[in-house]
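Everything on this sheet refers to the single structure shown next.
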Amino acid sequence: MNNKKILPIIVLAIYFVIGLWKLNDLPGEWYGDISNVHEYVLEILNGLWPWYFFQSTGPIYHYLVTPVILLLGSNYWQYKFSSVLVGGMGVVMTYLAVKELADRKTALWAMFLAAVSFWTIVWARTGNSQIIILFLTANVIFWAEKYAKTRKPAHLAVGALSASLGLFEYPQTFVLPLLWLWWLVSRKQIKGGLWGTLLLILPLLLFAKVILSNLDNFTTGYVGDKVPSISQLLTQQTRQRFIENIKKTALMMHYKGEGIFRVNVPGDPHIDRISGIFFLLGILYLLKTNRPLLVRATAAMFLLALPSMSPAIPPGEIPNSGRTMGIVPLVYFLTATGISESFNYLKRYSKKTAGVAAGIVLTGIILLNLYKYFVLYPPGLPDQNRAYAKIMAEYVNTLPGHTSVYLSSCCWGNWGQPEPKALFYRLNEQDGRENLINAGVFARSCDDIKPQRPAIILNSPQDLEAIENWRNCFPRGEVKTHQAGGKQVFVSVFLGQDKIPESKQPQ
């Protein structure tokens, strides 16, 4: 096998090593978005064939990962593994797209950046669906560029299909049909653009049907709230906010990134310092050698980032790495161009020097991104990545499968953990325990505990009133405090004659 084949395989292997390392533990929290994915996939597995948007998420990702869940099961690791697989698809597609835009060496550097960069890795390991945007965007660019070179009708048809997928995934991917058409027209494929518009009519009609079936969500609901009304667009305040949002988004890669802990070290730039330098060098190089490609790429980036900069979005949510995920393949392309051309310049004087410099840059980028993800990122997660629901579920799973389980409250940790669904969906035995996810149903009095034994009541360590109440109700109950990393996580009250297994103490 020659280097043309082995090097992309090596890069992809590096991605999967990083993506799968301690996957179940980092991050460890099953949060609300994963519950949404799980429930959507369950509808598919139950033969309901859903085709709707829940909040801002459409059906494409869920159908894509359903075969993996069907094969491996529907627990936390499986959902995270699925998102890592989809991220791998994005890494490969980034390579193919950049290869069409530039050359194989630049494509390898772009693939390497996609494989090791924090921006990719953090989303790939969440178990959530935004990671598919990397694949969708790179796929659209690949087929648009492919058609511009070959003018084959098959490439146009596949490009139309690829662009149409964006209509059924996220609001930030609704622009993919426009991206595809813009790319064709900017490559002087006017005829292809006209035929492409016709090919998009049917998907647009299906999209309109989806919107009309859930109109509230797209007008006043989760999606609609992020779109300014026409009257708002006409105000000076809205225009000023839009300009401010553009500035924030433009600076997110080098100055100040997203402030949300779950997908960033709050405020940290979205690309590492080394990549940031080469990103700017890539822009300068194309400005000198291929200005049409630079205009095409930067205009595409603006279009892809446009939904994330809506003036109706709260200022604290801008910049946003998930809503700007569409620009990632082009960010890696520009950065890879800067790296590749810098080393081409060095090779004119010394191949050895260029090789050493390439090794230093490669190592530096890997170390900076791994340090950010595995060292800087975990302390910012809820309770320093102590996943309360996981710890509680692991304990309950050691009890007899017919043990009744009660929560006296929820969400006592940082950022609302543990969520009842996060506990319920991680239990090995879920039948008969649906009380855990009935909205607002918590055990607060003796009468709330049914006579079936054994039973376990899970409590906040701070809820001393509830714990004392259980002592009075059930004098023979065994009360135990469970800790992780020296911090109290929950207090259990076990009712029954069965021996109580020792709680697992996560390190």
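Including glycine, each Cβ sits where the backbone N, Cα and C put it.
Note: TrEMBL annotation is automatic and uncurated.
Features of the protein shown, as given by TrEMBL:
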{"type": "TRANSMEM", "residues": "7-23", "note": "transmembrane segment"}
{"type": "DOMAIN", "residues": "58-208", "note": "domain 'Glycosyltransferase RgtA/B/C/D-like'"}
{"type": "TRANSMEM", "residues": "60-77", "note": "transmembrane segment"}
{"type": "TRANSMEM", "residues": "84-101", "note": "transmembrane segment"}
{"type": "TRANSMEM", "residues": "107-124", "note": "transmembrane segment"}
{"type": "TRANSMEM", "residues": "131-148", "note": "transmembrane segment"}
{"type": "TRANSMEM", "residues": "168-185", "note": "transmembrane segment"}
{"type": "TRANSMEM", "residues": "192-212", "note": "transmembrane segment"}
{"type": "TRANSMEM", "residues": "270-287", "note": "transmembrane segment"}
{"type": "TRANSMEM", "residues": "294-313", "note": "transmembrane segment"}
{"type": "TRANSMEM", "residues": "325-346", "note": "transmembrane segment"}
{"type": "TRANSMEM", "residues": "353-374", "note": "transmembrane segment"}
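Just going by CB pairs under 8 A, the stretch in 7-23, 60-77, 107-124 that sits most against the transmembrane segment (168-185) is 60-77. Model confidence over the domain 'Glycosyltransferase RgtA/B/C/D-like' (58-208) stands at 97, taken as the mean pLDDT rounded to a whole number. Of the candidate ranges 7-23, 60-77, 84-101, 353-374, 84-101 has the most C-beta pairs within less than 8 angstroms of the transmembrane segment (325-346). Long-range contacts of the transmembrane segment (7-23) within its own chain (CB-CB distance under 8 A, at least 6 residues past either end) are made by residues 77, 80-81, 84, 87-88, 91-92, 95, 108, 111-112, 114-116, 120-121, 124-125, 370, 373-374.
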